[in-house]
C-alpha cells in the first residue's frame, strides 16, 4: 500500500503573494526547504497530490492562461529535481459558492477514497491554512499546518519530513516523587545539542555526553532535594532516562539491539582482564561498554575511583546511576574502566555507554532482533 502526501500549493509549495494570485512568472518563489524535504518523503515511499483552491480561476480577474504558465514552470522545476506529482487537483470556485469540491470539502477526493491501494494510516495533508487542517480531518488523516506569519502554524518542511519519513522514536517521561521532579525528553532519530539542568554541573556535563555521543536529541531537567544530598537526584535521573529509552524503542523492532566492538577489536591494553565492548580511550584511561536491550536488566561494573567526589558528584553514585538506567530500561550493561585520572575515568564511562547505545539503537530493518518473538 502507498501513502500519499496531499499538499496545498500557494503558501505550501510556493510562497503566496499579497494579492493571493500567482499569475506571473516573477511571483514564483519556492517555500524554504520544500524540495529536500519532499525528496526525503519520496524516498520513504510517498506519492504527492496537489489539492488547491484557486478562487475564480478562469474568470476575467484570474485568466487560466495567467495561471498555467507559472504553474507549469513550478511542476517542471519539481520534476527536474526528481519530484513528480500523481495528480494536480484544482478547485476554481469562489468561497461564496460553498462547493463540495472546495477545501475543506472532499469532493475532489472521491476516486482516492475508493482506492484500496492507498495507505491511509500513513497519508497526510500539508497546508498553510486552517482549512487545510480541516480537510485533513475530513479525510481522517494527519494534518500539518506550515508556520507562516499570516496564518500561524507550527511546522516547517524539515520537521514534517522527519515526522513522516523517520517515524521518530520519541519519549517524554515525567517522574515526580516527594524527593525529585525529573523530566526527560528524547528523540532517538534526531541529532541536536543536548540540554541538561539537574543542579549538579559535573553531572550535567556527563549527561551531555550521552546525547552528544549517542547521536540523539536529549533534554533532561531535574529538581531534587540537593539540600540533603545528591543521591535521589542522580538515581531518579537514571531511572527516568532508562524509562524514556524503553518507551522510545517500543517493541525494539528493527534495532541492532547490541552495542559492542567486533571480535577484531579486542581491548588489548587491559591484559588478563580484557573484555569485548565498545572501547573508548581518554588520555591514559580506557573504558569498555557492552550492552544488550534484552529486556532483562543486569549491570556489571569493573572499576575503581580514588577520589570521593568529582565536582558535585560522588563517585560512588557513578555505577549506581548506570544501574538505575539498566533497571528502568531493561538493558544488560557490562562497563569496565581502567586509568589514573578519575575525571577521565568517569567521563570515559559515560562516553563508552553513549557509543554503545548509538550502535544498539541503530535501525537495521524491520525484523525483531530475537527468536523469542518479544523483547
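Each Cβ is built from the backbone N, Cα and C atoms, and glycine gets one as well.
Here is what Swiss-Prot says about this protein:
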- 1-168: region 'Histidinol-phosphatase' (REGION)
- 8, 10, 128: Mg(2+) binding site (BINDING)
- 8: active site, nucleophile (ACT_SITE)
- 10: active site, proton donor (ACT_SITE)
- 169-375: region 'Imidazoleglycerol-phosphate dehydratase' (REGION)
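Within 10 Å of its Cβ, the residue among the binding-site residues 8, 10, 128 with the fewest other Cβ atoms is 10. Neighbouring residues of the recorded Mg(2+) site, listed in sequence order and excluding 8, 10, 128, comprise 9, 11, 12, 13, 16, 52, 127, 129, 132, 146 (Cβ within 8 Å of the Cβ centroid). Over the region 'Imidazoleglycerol-phosphate dehydratase' (169-375) the predicted model carries a mean pLDDT of 91. In the three-state DSSP scheme, residue 128 (Mg(2+) binding site) falls into the coil class.
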